[in-house]
Amino acid sequence: MNPNQKIITIGSICLVVGLISLILQIGNIISIWISHSIQTGSQNHTGICNQNIITYKNSTWVKDTTSVILTGNSSLCPIRGWAIYSKDNSIRIGSKGDVFVIREPFISCSHLECRTFFLTQGALLNDKHSNGTVKDRSPYRALMSCPVGEAPSPYNSRFESVAWSASACHDGMGWLTIGISGPDNGAVAVLKYNGIITETIKSWRKKILRTQESECACVNGSCFTIMTDGPSDGLASYKIFKIEKGKVTKSIELNAPNSHYEECSCYPDTGKVMCVCRDNWHGSNRPWVSFDQNLDYQIGYICSGVFGDNPRPEDGTGSCGPVYVDGANGVKGFSYRYGNGVWIGRTKSHSSRHGFEMIWDPNGWTETDSKFSVRQDVVAMTDWSGYSGSFVQHPELTGLDCMRPCFWVELIRGRPKEKTIWTSASSISFCGVNSDTVDWSWPDGAELPFSIDK
């Protein structure tokens, strides 16, 4: 091949390569243009697609969080006894599982579910940080909640509020939580509605502001709670707060110079609120306060000679004022009023937190004798108990035409009565039924000490 032929051949090859490159570039440009056109077309239809997606998500959300107003206008359901509702076995499970060290558990229900609320100690059972958790008030305590009947663990629990004293309730539209924390001489109650801070209440007597350790009560969109500030062994200050969507709309201080109200157990009944409380000053029977939605109130003591506090004397002649015998100190408790009659929940022991029983005194709200017609045992005298409190299931949850009364019992284990480094509790609960029930004991059942205690 002569030089001219070589030049022509090389030139032809370059021309072909150039043409191929040009065709590829043109194809690339066309491809980009088509892709851009498709994206532009998609953007032009975004409103329709997104509208479909939003409609679907909104429909699902509404289905899961249907809002109602819990009116609280129903009367308590007629009942013959108490059926076991839940038992969490948290200390038994906590010997080998990740379970919170807690105290002061309580239950509250919305129109969709019931949850167990509790005050953690910022520690797990059988762990070094459980040491010293006998202490009531510390910066590590928090109000948390989990589905009723489940052992409270980091995996199923929801943080509610930093607190060493607390209450919570649902108005049908959202959860109200009240968490008190801070120093004894200046604690603050933080109110949250659906998890958002809405209000704070400062200690007004600077002597350990404290609240119910059980559910607040909601009526027609308003929720009501009672707080105490002042001595635990003398006259203190007691206030009722009316709260709407987390904001305090009204409050009053009780005029109760010879009464002592702590750790009240409250429930709605025919549009009003009834609270049965602890007298830690001088009463072995329980004080009560009843009020309407305007906070017009009445006060008194359960008259029955079947005494409800601990410590307490032998049953005998009661009083519609404080029964002073063995009246000092006390334990959180509850009762349910039915006209002149009353269901009284109490420890079986007169002097220690052992056992638990329900007593029906058909005239006990107004009469002072100690005659009763029903006794139902739920925790044996030989087993530990502790605090107890009321909660209700609204008709919007149960489908009944009345308010179902329920109660929970705290089963305290550990210090100061047992040889452990920790103090914690499990819980059981019962609801009133108008059918057959049974006497039995549903104890905590954990075998102590744990390995951390040895």
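For all residues, glycine too, the Cβ spot is worked out from N, Cα and C.
Now, the feature entries from Swiss-Prot:
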BINDING   ARG103, ARG137, GLU262, GLU263, ARG278, ARG353  substrate binding site
CARBOHYD  ASN44  N-linked glycosylation site
CARBOHYD  ASN58  N-linked glycosylation site
CARBOHYD  ASN73  N-linked glycosylation site
CARBOHYD  ASN131  N-linked glycosylation site
CARBOHYD  ASN220  N-linked glycosylation site
REGION    11-33  region 'Involved in apical transport and lipid raft association'
REGION    36-75  region 'Hypervariable stalk region'
REGION    76-454  region 'Head of neuraminidase'
TOPO_DOM  1-6  topological domain 'Intravirion'
TOPO_DOM  28-454  topological domain 'Virion surface'
TRANSMEM  7-27  transmembrane segment
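Residues ARG103, ARG137, GLU262, GLU263, ARG278, ARG353 are the ones the record ties to substrate, and the longest Cα gap between any two of them is 21 Å. Shown are the binding-site residues ARG103, ARG137, ARG278, ARG353; of these, the residue with the fewest other Cβ atoms within 10 Å is ARG137. Taking Cβ-Cβ distances under 8 Å and a sequence separation of 6 or more, the neighbours of GLU263 (substrate binding site) in its chain are ARG210, GLN212, GLU213, SER214, CYS277, ARG278, LYS332, TYR387, GLY389. All protein chains shown were included, and the count of other CB atoms within 10 Å of the CB of ASN131 (N-linked glycosylation site) stands at 15. If you take the C-beta of ASN220 (N-linked glycosylation site) and look for same-chain residues 6 or more apart in sequence within under 8 angstroms, you find ILE69, THR71, GLY72, ASN73, GLY271, GLN293.
If you take the Cα of GLU262 (substrate binding site) and the Cα of ASN131 (N-linked glycosylation site), they are about 28 angstrom apart, rounded to a whole number.
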